[in-house]
Amino acid sequence: MEKKMQNTIAAIATAYGVSSISIIRVSGNAALDIAKKISHLEEVKPRHAHLTSLYNSQNDLIDQAIMIYFKAPFSFTGEEIVEFQCHGGMIVAQEILDTILSYGIRLAEPGEFSKRAFFNGKIDLTEAEAISKLIEAKSVDAAKILAKQMKGELKYFVDESRDALLRSLAYSEVMIDYAEEDIPDDIMRSIVTQLDGLSEQIMKIVDASYRRRGLIEGFKVAIIGKPNVGKSSLLNALLSYDRAIVSDIAGTTRDTIEEQVRIGSHIIRLVDTAGIRESEDTIEKIGIERSLSSVEDADIIIALFDGSREFDSEDEKILAIVDALQDKHIIVAINKSDLEMKLDGDRINSYDPIEVSAKKGFVKLTRQMEALLDSIGEGEELMLISARQIEAVNRAKNAIAEAKEPLMNGELEFFSYHLQEAVKAISSISKPYDSEEILDKMFGEFCLGK
């Protein structure tokens with residue numbers, strides 16, 4: 001009985017804090033026993049919403065809640081599961097959980113429910129990763145991509161790719177068995193064509209995943225400009241609250257400031273950078289270096305200029321940075337447009353600058369940002385949603401490339417070896433059974449109760 005209890009896990013599945021409803025999840029062989037103990041019900045029907053009182057180990061009433069029992073294997077984890085839907089808040093849910101744990105049930109580790117679902121064959125790793133990412137989705141488009149992956153879109157690609165590699169591998173094994181025979185040209189061409197097609201498909205998926213990665217991670221938008229052009233004021237205006245210190249003293253912002261803000265259907269990472277100029281101040285120089293680093297990995301760059309001041313060498317330096325980043329999405333904005341315009345616009349007119357001030361221009365700016373974000377994220381291509389997935393398909397692609405030369409030279413054992421490595425790599429996307437460390441790391445990033 002003790003082992004039965006310890007093999008059963010429990011956790012609060014909803015966010016900690018004030019809410020209308022909280023959910024406590026219990027999974028394992030003792031789940032039904034615990035449900036009966038704390039509800040005092042003698043009969044609990046599967047998939048039936050029981051409105052019941054819940055009691056602690058001293059028989060004191062905790063709350064009235066909805067209790068649902070999912071009989072194995074027809075549950076998320078494939079095990080016996082009971083879920084308690086109680087009134088929200090920080091006290092009631094915790095007392096119910098404490099009562100469950102007092103009977104010898106173990107507190108679940110982060111991601112342990114999903115890990116059990118994986119080991120019980122209810123989900124594969126692509127679906128598990130999609131569940132984890134969906135919780136943190138940064139846009140509507142991201143949620144759609146992740147929902148498709150939860151339904152098996154990536155798993156289908158993995159299975160199809162694996163089958164194609166296994167067919168080529170089967171050919172090679174037959175050819176090894178009949179090594180004295182010449183390999184027919186049409187079989188050779190068929191294998192090469194199949195492998196080339198798979199490599200091209202993988203490259204397209206990887207390229208699309210890098211290009212659209214901001215859908216999953218959150219697109220990064222960096223504001224750059226010389227000191228005291230109003231970058232921090234722009235950040236505060238876009239956030240709708242004062243996050244950065246605003247001062248007339250040049251160089252007030254000495255480090256990058258990053259915050260999340262919603263633009264249209266996207267949650268972006270908005271970065272206010274230190275003013276870029278020549279400086280002998282050690283601290284300011286570090287801030288400028290970080291500014292340049294933020295620019296390099298940003299999806300969109302807002303280059304801000306002060307319309308109330310004449311164009312100078314520091315503005316020229318900002319434009320030089322912008323000119324060198326033609327592969328980036330650039331928005332040029334002229335700040336303080338409500339003051340007398342002194343900035344010579346000839347140098348920046350080709351960028352179709354947007355005029356902004358403390359009183360106007362932000363609607364046009366946010367609409368342009370939204371349009372760019374939509375264009376970066378658009379596409380129907382399959383996406384890889386984690387570094388682990390990208391690394392696996394790249395290993396498969398490299399192994400396929402390594403296999404082609406031995407095939408052309410008739411070195412079938414080497415061809416077979418590289419193809420087996422490709423099969424292992426592509427299969428590891430959905431089922432890397434050979435590495436407990438990978439599984440622990442991946443499921444450990446899930447939230448508690450998931």
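Placement of Cβ uses the backbone N, Cα and C atoms for every residue, glycine included.
What Swiss-Prot says about this protein:
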- Arg25, Glu83, Lys122, Lys450: (6S)-5-formyl-5,6,7,8-tetrahydrofolate binding site (BINDING)
- 218-377: domain 'TrmE-type G' (DOMAIN)
- 228-233, 247-253, 272-275: GTP binding site (BINDING)
- Asn228, Ser247, Ile249, Thr252: K(+) binding site (BINDING)
- Ser232, Thr253: Mg(2+) binding site (BINDING)
- Message: Please compute the mean pLDDT of the model over the domain 'TrmE-type G' (218-377).
- Response: 74
- Given the binding-site residues Asn228, Ser232, which one has the fewest other C-beta atoms within 10 angstroms of its C-beta? Asn228
- Query: Across all chains shown, how many C-beta atoms besides its own are within 10 angstroms of the C-beta of Lys231 (GTP binding site)?
  - Reply: 29
- Item | Coarse DSSP state, helix versus strand versus coil, of Lys122 ((6S)-5-formyl-5,6,7,8-tetrahydrofolate binding site) | coil
- Query: Using DSSP and three states only, what is Lys231 (GTP binding site)?
  - Reply: helix
- With every protein chain in view, how many other Cβ atoms are within 10 Å of the Cβ of Arg25 ((6S)-5-formyl-5,6,7,8-tetrahydrofolate binding site)? 22
